[in-house]
């Protein structure tokens, strides 16, 4: 990892902005979602849990667009690595990008808008946890697909800065999952218990 640092200036403003957006985004949506789950204040403010969830989802989408922009600007402002600047690496990056898009888009299709954007924190639950593709082949495919997108983008640009930022994306997602996965498992366990009692 240390060899990457020789190709970048960590004080460069666009790099700092990329780091901030990468760390902030999952922190923001987890804090807001937990707050909503405890207080239901967003649902009351917007008049319904669905409208509140849609509003948070739009905020998350806009933040993710900003994160991707900052990521790209950080790569463009730092030098390329000659050893990565070749056709093989470019097409490898393209493959990762394609793989990432497949997992992100298929996850969105399987979960729907509210399932993707934390609807369970708003009390909007599916009949059961989704286990169809891509969840049948990979846990948390939305997060790992997103990480693959950033990795592919970094490789296509022969960017050591992009590779380092991709590692940060992966670390932040792993930390987020430490909070998200137990919650999701628990709410569906509670739902199954309630349904069992009714039957």
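Here the Cβ of each residue, glycine as well, is placed from N, Cα and C on the backbone.
Topology check against Swiss-Prot: residue 71 and residue 191 carry an identical topological domain name and occupy the same side of the membrane.
The feature transmembrane segment, as given by Swiss-Prot for the ranges 158-178, 179-199, sits at 158-178. Counted over every protein chain shown, other Cβ atoms within 10 Å are most numerous around 180 among the binding-site residues 180, 181. Within 10 Å of the C-beta atom of residue 100 (S-adenosyl-L-methionine binding site) sit 21 other C-beta atoms, taking all shown protein chains into account. Remark: the transmembrane segment (94-114) contacts the transmembrane segment (46-66), by the rule of 3 or more CB pairs under 8 A.
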